[in-house]
């Protein structure tokens, strides 16, 4: 933690003098307790003197400067100088010691400068100052009258560049070691030398050293002795006998890149190209040409030769048609079986509607009580990730071993001001008043308090995270840490004397004059070196929590440096290891958010942005409540449209109340309630089995199920209305026959479509994505229950309402009744379906669509469109923009925008090793450590490589490797791990026992490792702890806080990084680093980050070659894991859906293979068209869009099955004519019914504030509806016209092709034969209606002849309806039916 201090103390060793070869010698000027200026040896060079071998510093000189101790051991430094030099070189080992060669070169630099007997050859004094007497201190060199203040140190470029080359790739804490020794990024040799030569007494650097570089090639031979040019050691070579060379990861990054190949081929694939053209594009072009050729051939064949029509003519010529094969007979049997049973159900309901009603009520009574167990999941993770998913399983393992990661609370301040024109810190936020406000905010947050359910007060101190232990403050990552949280430090002033030479120094940032901006000088120093213990301003940069504040964590920027920061970030960490801690944290966060919202309204100086861990959940709930009005309006339109569009409205007998006779207001409203009840039943059943939906999924489910139910309601009611046109008058007593006929015509299609819808939904329920799974399961069961309720409760209601209509009674006014029922019927039957939509489809759309050229052109357009959508669909992206879940005005949306724009740090990621390993064994340690002697492809080296290749791995920042720190902490040369001599089992901490750190009271732990001491010193076993010592001191390491004496203490970084078994062994451990900055609005960043992290974890697992499992975990992974597999899962499910739908339609419609194939073609095309439009409108594939694709299956099935059923029931002979009649009769029902209902209610969602609603439930759902309608009403009929099946009743009866009453929605032959047996022989199943059946009751009634003549006359001449007519209609008049015109 104290790298800079440790390194800079090294430079306090640059003091000496001599006469013959020394120009400075001894200590003369005391600046601080650890910084002494060396003595000037006047004008006479002083010869070096022999070093005393008995002095304790001699052994250290042998260790660090052995090249100087040869022969007579004459040096230019005194023993006291050498002692200070070696102590500080030893501390510099913490930073550079990972590469022994680098460290040796660095030691040579300062050994030569301080102690070389040839010092006068390459060191010159530039500035000296008179010695000032200090009490208690006597200069070591008595003749000296001045001390050295500035020197010039001449180096050869060979040594300087060789030293820099050996050190440039050395890492410290996962980052380049030179980064803490150099203010520029990247660090260059010149900048490095200038920085380490800068004078700073507060950092114990007593003199200013100017490095001058000389090129040996360009320097004359006579001058080559004027610069220091000792031999350097390359990083790939051993510096000393017994020392290892630097590891490849610390020496040659280019070579190391060839050793470690992270890509295992599972995260990227090669793109197929032929001469630069994508293979997919080539394929679709060929497919288009082939499809176009097939279409033209088929069009030619079917326009010149109609097999069905020829067979009909042959049959009419007396030729006997071939006997149906077994498949056709089976299909006919299925067809008749379903119609007959449907008719029986309808007739039973017509006779006894109460029984059906009570059966439906029994279903409700069985299902609805389960609602008492109903609850919605409000956990955001549960909404997006399955508990069985890999990320959630790994999260459970991680939490079980290390506890939950801390909760984050964030505040961001942005300045209204512009950049400053001058100054060290010129960013808009570097104003004193802004930092004063920041301190006020922090103090207010610390005073936030709330109470739990027991009345106990909860403050930040009760919930915050303290990495250094109870004796330290909460971890609040903020620039206030640079001032130790003390606002008064902003008023500090500097009055220090000038200590720097007159020459300007680019690295001396601090002014020595008294200034009110001294706080800014101090902050600038902390931004450059955040781990500095003491800046020139006299303050530490360390926070009161015990650690540094990295500039990229506390300052936001959109430039290349933090001096230009335009935002300030404050991050507060809160613990959540246990459920009580989570509850306390959430209570405090609630008050925290309340404070922030209030403060935002009254912060004129800054732009205030914030969020807490619970913010996302809270805002989703709040925004959902705000959108209730929008959803209610949409549902109100849905209910209103269904209620009023089912009926017919015209006045009879000049009575205004008669307008409600043919209305269906109550039936429409109750049908919607039935749909609602079916949803409740689904909820109840699944709740009983413990399957609970995610938040707000039920609203979507109710919406979808209601829309599908509306389709069935319209088909039943409109089918009845159409049949009334072609039926003679039937009395109320014949209601069972009417209902039976309606059920026979609609229930088979209803059953088929419902089964197909439920199947497509249930297939979606097999996914592990909770949002899709729960929606699909609930919707699938609701669809089936809705069918049951339609066949029971709705059917009973339909019977009662039909009886009311047949009796001429208006809704809501039951005492009233139309007297002339027959007169009302004769006009009403004409206006039953002859609306504008019916006429438009019957006379305009259907003939035009079935025209030969129209079909061919439409087919070509369809194929071209399909091919285009395939290409566009291949480019669709996956993901979800988090900001879309909130309104534009939400404080989270604002905060997300600022994070994207200014914040430069990604989320943490933990590489976890799960499994019990023998960590005490050196061979296992070598698989994880990174210093010399460890494997080049060790776990730690791979991690360092991954962190260093950010663009490939999306990893960045420091890598926390506990095994490295522990082995450094317990090593023989480390001052960290010591035990008492009198009690070797008692740990002697550097924090608790400052007076006992000498060898007399405490000695290193390894001195008492008798097992390790039994090995030779050259053996690795000698330098590594034995099993007993390893595990005994591991817990001491985890409790040891880092300090200036020992930077390797593990409490701050590794306290929660290791999980132990009951035997004290390591069960699991984690190695933390960070992702690079990930764009919140670009989910592909998060997806790639997760994929690459897992790629790295797979490589790490191979590196340890053991039974342990390695996985990467981050809090973001459960949210984004779905996107790695959503495309193959969705594709598989849609494929299964298509296959299943084909089978269901084929079987339930009487083995209609051709019709099912046409429906499947439309289904597949519909998928591609929706996905293509998603690409055009920039809507990625995610759980919401996937849900829309599943819904599109249900909607298109509902439409298609009715079209196929109408086509199969048509009595026309040619395929084109059957398709035309289907469009004319089914088209207006579908378009005016479910399509208008869906589209109309969806349009109201466009006014929602939530982008998630406007995009996924307005824009995308509208695309789904329109695409499904186009495929069902245009594409499917055209496909059927090219070659659909003939149905199961078309060959049994030969009729006139032009008889429109025998189109798709007329009675089937079986239905007609059944009704022909009805009492009084009202229907005798003629090909044309017999007028006598209509006129007979009129002729027998009083005045009936006149009325009949009036009606016939009116309908022939098309005049305006006279006032004498019993019924007047508001609807436009249409042509009279053929049977009436024949009168």
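A Cβ is built for glycine as well, from the same backbone N, Cα and C atoms used for every other residue.
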Expected hit for transmembrane segment in Swiss-Prot across 1260-1280, 1281-1301, 1302-1322 is 1260-1280
Quick test of the contact rule: Cβ under 8 Å, at least six residues beyond the ends. What residues does that give for the transmembrane segment (1226-1246)?
630-631, 633-635, 637-638, 641-642, 645, 703, 707-708, 710-711, 713-715, 718-719, 833, 835, 837-838, 840-842, 845-846, 1195, 1198-1199, 1202-1203, 1206, 1253-1254, 1257-1259, 1261-1262, 1265-1266, 1269, 1272-1273, 1304-1305
Taking pairs 6 or more apart in sequence, does the count of Cβ pairs under 8 Å between the transmembrane segment (856-876) and the transmembrane segment (746-766) hit 3 or more?
no
Please average pLDDT over the domain 'SSD' (627-800) for the predicted structure.
84
May I ask which of the disulfide-bonded residues 182, 464, 474, 929, 934 is closest to residue 246 (disulfide bond) if we compare their C-alpha atoms?
934
If H, G and I count as helix, E and B as strand, and all else as coil, what does DSSP give for residue 1005 (disulfide bond)?
helix
Given the disulfide-bonded residues 464, 988, 1046, which one's Cα is the least distant from that of residue 28 (disulfide bond)?
1046
Tally Cβ pairs under 8 Å between the transmembrane segment (353-373) and each listed stretch (665-685, 780-800, 1179-1199, 1260-1280), then give the stretch with the top tally.
780-800
Report the nearest neighbour of residue 182 (disulfide bond) in space among the disulfide-bonded residues 99, 934, 977, comparing Cα positions.
99
Starting from the Cβ of residue 541 (disulfide bond), draw a 10 Å sphere and report how many other Cβ atoms land inside it.
24
Here's one to test understanding: among the disulfide-bonded residues 102, 167, 977, 1046, whose C-alpha is closest in space to the C-alpha of residue 77 (disulfide bond)?
102
What's the CA-CA gap between residue 988 (disulfide bond) and residue 977 (disulfide bond) in angstrom, rounded?
7
List, in sequence order, the same-chain residues at least six positions removed whose CB sits under 8 Å from that of residue 99 (disulfide bond)?
166, 167, 169, 170, 235, 246, 247, 250, 251, 932
